[in-house]
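Okay, structure first, notes after.
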């Protein structure tokens with residue numbers, strides 16, 4: 001039988017927003033897993049793609065396997081996905097697993113649901129390359145910040161009252177409509193919020209640049225005088241404006257929650273949820289799609305109309321955006337992040353220093369295992385030979401296969417494992 005458990009060499013994406021050189025978690029993982037790789041000190045290392053996506057298909061590091069990439073191997077051995085996964089997702093790995101190292105903000109964006117994705121793909125295939133939805137989950141590796149979902153209305157109203165430049169862009173009528181909308185009428189609130197946000201995003205370029213410049217100048221002066229600018233979200237405004245001067249996205253900080261994650265904390269981004277990662281390192285898992293509707297903080301194609309139409313205009317506090325992990329009853333080393341979509345789930349596996357032999361147990365799904373900390377020798381009846389696992393190692397594990405880890409590190413291990421739990 002060909003080996004069904006094997007190491008992978010994964011694709012790196014050098015997007016301009018990534019952390020540079022060895023400041024990047026992506027670069028550090030790549031450097032420790034493969035000593036032959038030269039990390040360029042001035043190059044951004046933004047994303048590590050662990051999966052079979054055609055734009056970054058992982059290379060199999062086992063010369064007994066004739067296929068070169070994971071995508072080719074799965075196509076030739078679809079049973080490795082597990083019967084249910086193979087059946088449900090037509091012989092394809094349903095998720096893409098990533099590490100992100102964010103230095104400057106990613107675009108204000110949302111991902112369509114399946115119905116909208118099919119429509120956008122049919123109309124504009126050059127911008128929307130497939131017909132799938134793209135829910136995603138991020139788990140912080142270092143302190144991580146992102147914008148996510150609409151703030152509670154009282155927070156937005158407070159900004160409308162303390163930031164005159166924002167009020168000018170939205171207009172008096174829309175601002176008052178939001179101020180008058182009552183919590184007893186959630187549909188009225190969402191409708192008012194939609195009008196305000198759409199007015200902002202569609203405001204005329206020259207007008208919003210003037211307002212943004214006025215705001216930045218005012219906040220900079222207040223900051224220089226030592227005044228508290230938090231009522232205008234001053235620190236974040238100046239940071240985003242320095243990264244994307246003159247970008248409409250700078251104003252979205254008054255509408256969207258600022259979510260701060262500590263390592264191990266997660267956020268789940270369902271369809272139509274507006275978001276933008278701001279800074280930090282995370283592991284991320286998503287349905288296998290590239291569909292992103294953008295509207296600011298980006299030089300890429302933006303589609304403001306589609307974005308404003310599709311968004312989920314339900315206000316909620318930032319604390320509600322943190323997605324909880326549940327500790328496994330069967331194995332206390334495992335914390336499971338199981339989002340409300342079938343495409344993927346993530347396990348965080350924390351093996352304590354006291355354990356010297358740990359079994360990565362079989363699941364009825366193909367999975368991808370990433371080592372963040374620690375060292376071990378892995379053995380499996382499904383592997384050709386023993387495998388050395390260290391920081392940055394990535395393994396593909398076929399459905400219903402397990403691996404014994406013989407720990408070599410004095411302080412335990414930290415692993416993340418992406419799979420599909422149907």
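Positions of Cβ are set from backbone N, Cα and C atoms, glycine also.
According to TrEMBL:
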DOMAIN    5-153  domain 'Phosphomannose isomerase type I catalytic'
BINDING   109, 111, 136, 275  Zn(2+) binding site
DOMAIN    169-256  domain 'Phosphomannose isomerase type I helical insertion'
ACT_SITE  294  active site
DOMAIN    336-374  domain 'Phosphomannose isomerase type I C-terminal'
Between residue 111 (Zn(2+) binding site) and residue 294 (active site), how far is it from one CA atom to the other, in Å?
9
Checking distant contacts: for the domain 'Phosphomannose isomerase type I C-terminal' (336-374), what same-chain residues at least six beyond its ends satisfy Cβ-Cβ under 8 A?
8, 29, 33, 50-51, 74, 80-85, 88-89, 93-95, 97, 99, 133, 135, 137, 139, 141, 264, 266, 268, 270, 283, 285-288, 323, 325-328, 389-407, 409-422
Cα-Cα distance linking residue 109 (Zn(2+) binding site) and residue 294 (active site), given in Å to the nearest integer:
4
From the DSSP assignment alone, can you count helix, strand and coil residues within the domain 'Phosphomannose isomerase type I catalytic' (5-153)?
40 helix, 42 strand, 67 coil
For the recorded Zn(2+) site formed by 109, 111, 136, 275, which further same-chain residues have Cβ atoms within 8 Å of the site's Cβ center?
110, 134, 269, 273, 292
Most Cβ neighbours within 10 Å: which of the recorded positions 111, 294 is it?
111
Those residues of the chain, 6+ apart, with a Cβ under 8 Å from that of residue 275 (Zn(2+) binding site):
108, 109, 110, 146, 147, 148, 149, 256, 269
How does the domain 'Phosphomannose isomerase type I helical insertion' (169-256) divide up by DSSP, counting helix, then strand, then coil residues?
67 helix, 1 strand, 20 coil
Can you check which residues sit near residue 136 (Zn(2+) binding site), meaning Cβ under 8 Å from its Cβ, same chain, 6 or more apart in sequence, and list them in order?
111, 268, 269, 284, 285, 286, 287
Please report the number of other Cβ atoms within 10 Å of the Cβ of residue 109 (Zn(2+) binding site).
25
